[in-house]
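> Pulled these features from TrEMBL for this protein:
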ACT_SITE  His238  active site
SIGNAL    1-23  signal peptide
Amino acid sequence: MGLKMNTIEIVLFMLVASNLSNAQVFDVTKNGANAKVDITQALLKTWKQACATKSRSQVLIPKGTFKVSQATFQGPCKAPIEFNLQGTLLAPAVDGNFKGGDSWISFEHIDSLTVTGGGTFNGQGKTAWGKTCTSSQYCGNLPINVRFNFLTNSVVQYVTSLDSKQFHVNVLGCKNITFQHFKVSAPGDSLNTDGIHIGRSTDVKVLDSNIQTGDDCISIGEGSQQVTINKVNCGPGHGISIGSLGMYANEEAVKGVFVKSCTLKNTQNGVRIKTWPDSQPGTASDMHFEDIQLDNVGNPIVIDQEYCPWNKCNAKVSSRVKLSNISFKNIRGSSSTAVAVKLVCSKGYPCQNVQLSDINLSYKGSEGAITSECKNVKPILSGKENPRACITSA
Ligand SMILES: *[C@@H]1O[C@H](CO)[C@@H](O)[C@H](O)[C@H]1NC(C)=O
Ligand SMILES: *[C@@H]1O[C@H](CO)[C@@H](O)[C@H](O)[C@H]1NC(C)=O
Ligand SMILES: *[C@@H]1O[C@H](CO)[C@@H](O)[C@H](O)[C@H]1NC(C)=O
């Protein structure tokens with residue numbers, strides 16, 4: 001490891017660099033964009049020109065702050081395309097003229113898209129949080145900052161999503177998409193501002209990224225398969241979550257989630273899997289959490305099949321989502337709640353093959369000794385276990 005490159009890496013780096021410099025550049029300011037106007041039309045025109053180019057192309061947004069009301073960048077494109085955001089795109093503020101909507105910036109049906117450049121998608125969420133809906137509601141009428149819909153073989157790197165009005169990023173129907181050196185930034189008390197939500201996608205990677213926000217750091221929904229989360233720092237926020245699952249009929253299975261070498265600091269939860277009670281049928285399997293460092297984290301390890309945040313579910317009927325093949329390995333650090341391990345599985349479908357190994361958590365608060373809560377699960381324990389999970393009520 002380290003920063004020294006060997007000869008092969010240098011050659012590869014030069015190849016990549018020369019490829020990028022070979023791209024035909026389409027600068028949005030050549031199409032009339034400037035800091036004084038809404039650049040939506042100029043940006044869409046620039047995208048169309050680049051997208052229609054038969055060789056590698058680049059949409060360039062130079063340094064500066066540019067207003068965009070709402071934009072969808074459609075593929076398919078004729079060749080690999082780069083969205084080079086060096087400046088800041090600024091979303092509309094919520095005021096008397098704000099119309100709502102479900103997305104601000106979207107990329108759709110594109111193969112080989114690269115989003116990069118060091119710039120920022122500024123959602124101006126500060127003008128929205130707590131104003132159009134309260135903390136007990138889901139802010140459905142507020143736009144998601146950046147959507148990636150039906151992309152293949154794409155990379156999002158060295159850009160920031162700042163103060164989204166709702167989720168920062170939503171990944172839907174993608175295959176082979178990687179987020180790396182990606183940054184999310186919003187205050188801990190911002191509402192519904194999940195960092196990256198992934199659904200119905202295969203081969204999604206989130207690597208070497210920093211996510212500070214008010215809701216889930218990364219949330220993984222139905223139909224997510226082969227998701228790798230590596231070296232992500234979360235906090236503040238609500239932690240890394242799979243679910244909630246089972247709300248809708250015909251949800252696709254979750255299969256293969258690998259969360260490794262992540263840190264969570266001052267988050268409401270650590271790593272968790274949640275499903276609704278009285279749910280639709282579903283399955284989630286092969287979910288693994290390993291080498292996770294926690295610092296002052298509430299509910300560090302959670303499986304909750306009675307998840308019901310607004311008390312609007314029939315908690316008497318158990319969840320019909322089957323959970324299996326789950327491991328929590330080398331999870332260490334400090335918990336801010338006494339119940340450091342909560343494994344509450346469905347009565348109708350007890351969790352199968354849950355493994356806990358090398359759990360080393362500490363708790364120094366006033367709720368008593370560190371402990372676990374378990375229902376309908378018989379975890380396989382190995383290595384150090386603090387707390388020793390499920391010894392009384394397996
Ligand atoms: C995934 O996408 C990246 C970026 O385009 C590409 O380099 C890589 O080969 C793709 N992987 C697969 C398995 O297609
Ligand atoms: C769980 O793992 C076992 C053993 O590796 C495997 O046979 C089984 O198919 C897995 N279950 C699911 C639902 O993937
Ligand atoms: C558990 O963590 C504490 C620090 O919180 C450390 O002193 C101790 O050595 C760890 N135990 C093991 C077995 O890793």
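Just so you know, the numbers here start at 1 and follow the chain as drawn.
Cβ atoms here come from the backbone N, Cα and C positions, even for glycine.
TrEMBL labels come from automatic prediction, so no person has curated them.
Fair warning: this is a prediction, and the values are worked out from it, not measured in the lab.
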> Return one of helix, strand or coil for His238 (active site), based on DSSP.
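DSSP assigns His238 (active site) to coil.
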> Is it possible to get the count of other C-beta atoms within 10 angstroms of the C-beta of His238 (active site)?
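Neighbour count, Cβ to Cβ under the 10 Å cut-off: 25.
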